[in-house]
Amino acid sequence: MLGCNVKLIVLGTVCLLTHTSPFNTSSMVMGVEAVQDPPQKKENNELVRVQKCCERHELMVDSRCVHGNETDTGVWSPLFTDEDGQSNVQIPGFNLIIGIPQCPRQLWSIYHYSDSHDRLVLLPSGILRHYVTHPEGVEITQDNDLLQQHQNEDGDTQWHYDYKQGTYCLDKVVLTHGELEAQTAIVCVPEIDFNKSDFTDYLMRRIVNPVGHGLAIICYLIIAVIYFVMPQLKDLVGNILTSISLCLITSQAADLVSIFTEFTSHVSFLVADIVMYVSLMAAFFWLNSLGYYIWKTFRSRNVFLRVTDGRKYCYYSCYAWGVTFTMASIALFAHFMLDTNNLKSTTPSTQKTIGWLGKAVFFTPVAFTVLVNIFFYLTTGQVINQMSTYGRIHHKMKYSFELFVKLFLVMAIAWLFLLLSWLHYPVVVYCHIVVNALLALIFLYICILGQQQVMFLLRQACCCFQPSEPVDTAEWGEEMSSMNTAIF
């Protein structure tokens, strides 16, 4: 038949694109529409196939398809470019396939606009070529098994990945919040050939790293439960240790999300990064509160202050969380408003982590607390060395001071390795993965296994491994000696 031949093949459950997000692949209409017939008679399967996300008369506004008459811009039409960069290449004919590709893995959105980091080129063969033009060489070298090299006319090396037919769809998008028109592609995330990947890198990042995070979460959870459940340990120091453990649990859980990169979107990465940095910063402010409490106790002439532990904990909570959320707000403002990498990006950016400016604002307060904790360590240690006799409360606080110093060293080392892991050197990243799990075990030993009084309470509560001889509690101080009578 001459003229325009329209065919629609329903391959899924029929739904209206105007009421369905293009990311929902379970209810998308898939069809083939012959847009242009060749001059000579050819079968449709010989024509170039191009997949369009929305219907022929529709385009995308933010994340949904709308009719072209509802916007001030025209609908999308294919523009073919050859491998040498010559645009508007004429081909005999093409078929439009309507709908989102059916992917076995996740879908990913790519935006091509003026000054964007990504460039989309539709080749005459129907292959979508994605040029990665951002200058960060680390990410490119890590994806070397997927990306291919291409030299342009100027002799510059460009990296690209080709999406075959059926693994992408193209369309025009209008972003209302940025008042920007762009070309968007929804693609299937490429599957990495395991035979080409580095086995050591895969083993450390995808097996050892999740196991290490799970082990760390278990260790911190044990500490939090014991110090929260045991009544004799629920003093100010115990409550602060519980708060630190909960913050570290949240940080480890959020960091665990970023390990499995193919199962979520860049928005999830960004939220996970924010949660991880906020909880980690809160843990350091809680540790700083513990150091201040011990320092103030040794500096005070009257240790029997008429302030209950509950009220002190409320004061320290206001300090730790107040400063944490204040600095987190400043860091997020710096990331979204002041970061030079985001000034040109008015789209849902493909950037999946907090930028360098946001990280700097997040970790500058942590560095400040490290310096303050060093001051607490030096001055408190000097006061303890000058004391010839110890009161019972000072005797107890001496053990709390030793606990504070050990925790400070562990958390400072973990923070240092986290900073070094941002260099993206594989050896440094592997060290960070191993150290993260080892320090969690050391944290558990310092707070539980290495504390004689805590182990005694656990044996007593579990009615097992009771000592044959009475445990000498003189060194614990008056409060530790009266644990059995719940006078604390």
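Using the three backbone atoms N, Cα and C, a Cβ is placed for every residue, glycine included.
Some features that TrEMBL has for this protein:
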type     : residues : note
DOMAIN   : 205-451  : domain 'G-protein coupled receptors family 2 profile 2'
SIGNAL   : 1-22     : signal peptide
TRANSMEM : 211-229  : transmembrane segment
TRANSMEM : 236-254  : transmembrane segment
TRANSMEM : 274-295  : transmembrane segment
TRANSMEM : 316-336  : transmembrane segment
TRANSMEM : 356-378  : transmembrane segment
TRANSMEM : 399-421  : transmembrane segment
TRANSMEM : 427-449  : transmembrane segment
Average model confidence [pLDDT] within the domain 'G-protein coupled receptors family 2 profile 2' (205-451): 86
Among 211-229, 236-254, 316-336, stretch most in contact with the transmembrane segment (427-449) (C-beta, under 8 angstroms): 211-229
For the transmembrane segment (399-421), sequence-distant contacts whose Cβ falls under 8 Å of one of its Cβ atoms, 6 or more beyond its ends: 237, 244, 280, 283-284, 287, 290-291, 294, 298, 363, 366, 370, 373, 376-377, 380-381, 384, 428-429, 431-432, 435-436, 439, 442-443, 446-447, 451, 476-477
Chain residues in Cβ proximity to the transmembrane segment (356-378) (below 8 Å; excluding those fewer than six residues from its ends, i.e. six or more beyond): 277-278, 280-281, 284-285, 287-288, 291-292, 294-295, 323, 327-328, 330-332, 334-335, 338-341, 404-405, 408, 412, 415, 419, 422
